[in-house]
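Feature annotation from Swiss-Prot assigns active site, N6-AMP-lysine intermediate to Lys115. Positions annotated as NAD(+) binding site by Swiss-Prot: Asp32, Ala33, Glu34, Tyr35, Asp36, Ser81, Leu82, Glu113, Arg136, Glu173, Lys290, Lys314. The feature Zn(2+) binding site is assigned by Swiss-Prot to Cys408, Cys411, Cys426, Cys432, with sequence analysis given as support. Summarising the annotation, Swiss-Prot assigns domain 'BRCT' to 593-671 and lists sequence analysis as the type of evidence.
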Amino acid sequence: MEPIEQQLTELRTTLRHHEYLYHVMDAPEIPDAEYDRLMRELRELEAQRPDLITPDSPTQRVGAAPLTAFNQIRHEVPMLSLDNVFDEESFLAFNKRVQDRLKSTENVIWCCELKLDGLAVSILYENGVLVSAATRGDGTTGEDITSNVRTIRAIPLKLHGDNIPARLEVRGEVFLPQAGFEKINEDARRTGGKVFANPRNAAAGSLRQLDPRITAKRPLTFFCYGVGILEGGELPDTHLGRLLQFKAWGLPVSDRVTLCDSPQAVLDFYRNVEKDRPTLGFDIDGVVIKVNSLALQEQLGFVARAPRWAVAFKFPAQEQMTFVRDVEFQVGRTGAITPVARLEPVQVAGVLVSNATLHNADEIERLGLRIGDKVVIRRAGDVIPQVVNVVLSERPEETRPIVFPTHCPVCGSDVERVEGEAVTRCTGGLICGAQRKESLKHFVSRRAMDVDGMGDKIIDQLVEREYVHTPADLFRLTAGKLTGLDRMGPKSAQNVVNALEKAKATTFARFLYALGIREVGEATAAGLAAYFGTLEALQAATIDELQKVPDVGIVVATHVFNFFAEESNRDVIGQLLAEGVHWPAPVVINVQEIDSPFAGKTVVLTGSLSQMSRDDAKARLVALGAKVAGSVSKKTDLVIAGEAAGSKLAKAQELGITVIDEAEMIRLLDA
């Protein structure tokens, strides 16, 4: 090794060591000036020998040339969100649900952490070297922010220590400390730049810069809180153990992590953090509470898009006072008419609020609200502004009552309020432009029919120009007709037509969800599809039969029954099928009468499938008598591993469960 190579290696090792002490251990050994001197020395040596620069060198954080757009990264393991609770009663109910599902009367050991108010990211290390990073995005696909993440000094470009997995994807939060936020805004005011409303917006704006050199100038930091992909290595079997292992490898972890052995201990942690919140130096909006045992997490599983073993306990939202200048009425997808207060703009929790939901007529009556009133505004969950109460002692003389419409403000149809419901609805159905727009936007959305490129503005124009009345009309659109829309050229129009054609191939569950039946979300649609198997069987089902589907009660069953009883709905479904919308047909077989390797088996899918979608695979497996589970356990009979299979594959191998690949699955399906 040349002398300069030895110098470079020693300098990089020294700098990484001090980065670890500063960002992870919070115990710097040297002044910032000494760190800067070492960095300058490294830069000078690398300038002499650029052929010896390595990708994981501390100098390589500054970033490359600006990007023109962000590429997309598909999360191999979805980045799920958490359910929220906002008070002690709700948390205790969550705790009881967990105990009931575990069939245990013993206290659960909870791992409690801060809920950081930043931007969720995933970072992939291969053999300990940072290779990619992405935003959460929609949970399935995020933006490639690798170049920007490399500029954040708290994030190691190379992990250190022993037993580092071959592939390790860590999840965490990028955020901006309060001091850094104030400095950014101070500089912006001085130079005439953009002033951010709050640290979270500043962090998101900094991380999503197309020019990494701008990101490098922002004092972003990072805390790690979870794992996605894990291949070629092992992690401890508790959440806290994993956090400690991450810290040992050089990843920053919050020091406010506590194990709690009772619900009361969790509440004490929550109250202590809430008390300390103003002095933390960075924004949080609650605490995150997770079952510490990975085995129990696996046993609890997931519901829809959130784990059953974790919850975010949010702090009470910040409140401000302002005036209601007017009330307008919006019409939603199902005809629900929602009153919205137009406010004198006011800053609430760092965000300028000018509108607030009033929910329904009962809420207006409860508040005793009049137009012109002074009100208290809260951001519920720090997201949706709402009116908390009227400041009656300061009611102006000139206020006027809020009159709920007797006719739809959009189409003029009669409105009705069903006895026992709080919501007033427009009776116009799809003749109502507002309902038509919202229904069509739902129909083409990513988790429904997934029509790429069919955005809200296109739907608005299609409805306003009377080109489209029902979802079936979408599939009759031509490139020529679309070209006439604003900002829609021939190429874009053809892309939309192609996307519509592609969307015709769907799944029964997606199709049901896309129809927009009241109270039928993704999970319920999947349950209905799996239980009945065919559209014909579902349409013929009685209310009693519908209630046999897991998680379907009398209310949902009635909505589903009424939807299919409506002739106009059946007509639209018929038109959609006539236009070529289709999904894999289930083969209804008596499990006891067939010789299928899947019959009666509990099967788990993991990794990415290339020959068919995961939904298609599930549908075909279920049709052959399999039960498709979401996690691997001792009860699992078979694991089907696609590309980039992760922890489920490792778990299956550990338990000695039979594993086959996608090609073998297809061979067996077609046998």
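A Cβ is built for glycine as well, from the same backbone N, Cα and C atoms used for every other residue.
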Inset, instruction - Among the binding-site residues Cys408, Cys411, Cys432, point out the residue whose Cβ has the most other Cβ atoms within 10 Å, with all shown protein chains included in the count. - result: Cys408
Inset, instruction - Would you count the other CB atoms within 10 A of the CB of Lys290 (NAD(+) binding site), including those on all shown protein chains? - result: 19
Legend entry - Spatial neighbour of Lys290 (NAD(+) binding site) that is closest, considering only the recorded positions Lys115, Cys408, Cys411, Cys426, Cys432 and their CA atoms: Lys115
Legend entry - Euclidean distance between Cα atoms of Arg136 (NAD(+) binding site) and Cys432 (Zn(2+) binding site), Å: 36
Legend entry - By Cα-Cα distance, the member of binding-site residues Glu34, Asp36, Arg136, Cys411, Cys426 nearest Lys115 (active site, N6-AMP-lysine intermediate): Arg136
Inset, instruction - From the binding-site residues Cys408, Cys411, Cys426, pick the residue whose C-alpha lies nearest to the C-alpha of Leu82 (NAD(+) binding site). - result: Cys426
Legend entry - For the domain 'BRCT' (593-671), the mean pLDDT of the predicted model: 79
Legend entry - Where Lys115 (active site, N6-AMP-lysine intermediate) falls in three-state DSSP terms: strand
Inset, instruction - In whole Å, note down how far the CA of Cys426 (Zn(2+) binding site) lies from the CA of Arg136 (NAD(+) binding site). - result: 37
Inset, instruction - Could you measure between Cys426 (Zn(2+) binding site) and Asp36 (NAD(+) binding site) for me? Cα positions, answer in whole angstrom. - result: 66
Legend entry - Pairwise Cα distance for Glu34 (NAD(+) binding site)/Cys408 (Zn(2+) binding site) [Å, integer]: 70
Legend entry - In three-state DSSP terms, the structure that Cys411 (Zn(2+) binding site) belongs to: coil
Legend entry - Asp36 (NAD(+) binding site) and Cys411 (Zn(2+) binding site), distance between Cα atoms, whole Å: 66
Legend entry - Among Leu82, Cys426, which are binding-site residues, the residue with the most C-beta atoms within 10 angstroms of its C-beta: Cys426
Inset, instruction - Name the secondary structure element type, per DSSP in three states, that contains Arg136 (NAD(+) binding site). - result: coil
Legend entry - Cβ within 8 Å of the mean position of the Cβ atoms of Cys408, Cys411, Cys426, Cys432: remaining residues of the chain near Zn(2+): Val331, Gly335, His407, Pro409, Val410, Gly412, Ser413, Val415, Thr427, Gly428, Ile431, Gly433, Ala434, Gln435
Inset, instruction - Mind tallying the domain 'BRCT' (593-671) by DSSP state, helix then strand then coil? - result: 29 helix, 18 strand, 32 coil
